[in-house]
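Student: Can you keep this structure in mind? I'll have questions shortly.
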């Protein structure tokens, strides 16, 4: 009976190990509330300053992203709106957020057993961010950052309340590498790249912006406002936002 019980416990541990490839820890260090969002797993969570949310990501997860929503106001049923990053007016996101929003993107246990991950500004910028493996292993498996004052320095053409749009959102078209086909960096993509060299600045910015870690043995951490404070141009709380659903 004892051996049977031990075997069952071992089976459960093995099943958990097999099912989850990584944990994604999301932490808010901003001096304001951030409503974190995660798809296709996780949904959403209110994070006051200093709070953390841990997401268990299954093996093979791909096209996944984590972002922060700002100046949100949700009712007790989890319905409402956000100034940036809104995902259809719900707390629990099932689709992508409305730009602008700084993105942490990842795909787990893919080609050659590697995790692929990045910070993307292809949907613009709203919150400074660090994305890092908790157990870096060298090479391209190390912390990456986008912490510049992009909102404060945003070109006039891309400015919106609470953030800075990518030109693909504002203008679209091949001129800004928003469609398939050869293209190079533009004035606007250079603006983002110079301030956040680790991050994707336009859709075809792969060579300097994709990072890899060993799949199945690496966990990750996303930190909003990693320096613990926001620039003056970053969003403040909306009136009544302390009455949102938690």
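Here the Cβ of each residue, glycine as well, is placed from N, Cα and C on the backbone.
Got these off Swiss-Prot a minute ago, pasting:
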- 1-21: signal peptide (SIGNAL)
- 30-225: disulfide bond (DISULFID)
- 72-82: disulfide bond (DISULFID)
- 87-93: disulfide bond (DISULFID)
- 141-213: disulfide bond (DISULFID)
- 146-196: disulfide bond (DISULFID)
- 154-164: disulfide bond (DISULFID)
- 168-177: disulfide bond (DISULFID)
- 178-183: disulfide bond (DISULFID)
Student: Among the disulfide-bonded residues listed here, 82, 141, which has the most company in the form of other Cβ atoms within 10 Å of its Cβ?
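Tutor: Result for the most crowded candidate: 82.
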Student: Out of 141, 164, 177, 178, 213, point to the one nearest residue 93 (disulfide bond) in space (Cα versus Cα); all of them are disulfide-bonded residues in the record.
Tutor: 164
Student: Helix, strand or coil by DSSP: which one applies to residue 168 (disulfide bond)?
Tutor: helix
Student: Measuring Cα to Cα, tell me the gap between residue 178 (disulfide bond) and residue 30 (disulfide bond) in whole angstrom.
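Tutor: Given the Cα positions, residue 178 (disulfide bond) is 31 Å from residue 30 (disulfide bond).
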Student: Distance check, please: Cα of residue 225 (disulfide bond) against Cα of residue 87 (disulfide bond), rounded to an integer number of angstrom.
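Tutor: Residue 87 (disulfide bond) has its Cα 21 Å from the Cα of residue 225 (disulfide bond).
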Student: Which entry in the list of disulfide-bonded residues, 87, 177, 178, 183, 225, has its Cβ near the fewest other Cβ atoms, using 10 Å as the limit?
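Tutor: Looking at the disulfide-bonded residues 87, 177, 178, 183, 225, the Cβ with the fewest others within 10 Å is that of 183.
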Student: Of all the disulfide-bonded residues given, 154, 164, 168, which residue's CB has the most CB neighbours within 10 A?
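Tutor: The largest 10 Å Cβ neighbour count belongs to 164.
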Student: Tell me which of the disulfide-bonded residues 146, 183, 213 ends up closest to residue 177 (disulfide bond) in space, Cα to Cα.
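Tutor: Spatially nearest to residue 177 (disulfide bond) by Cα position is 183.
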Student: In whole Å, how far is residue 72 (disulfide bond) from residue 164 (disulfide bond) when you measure between their Cα atoms?
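Tutor: Their Cα atoms are separated by 17 Å.
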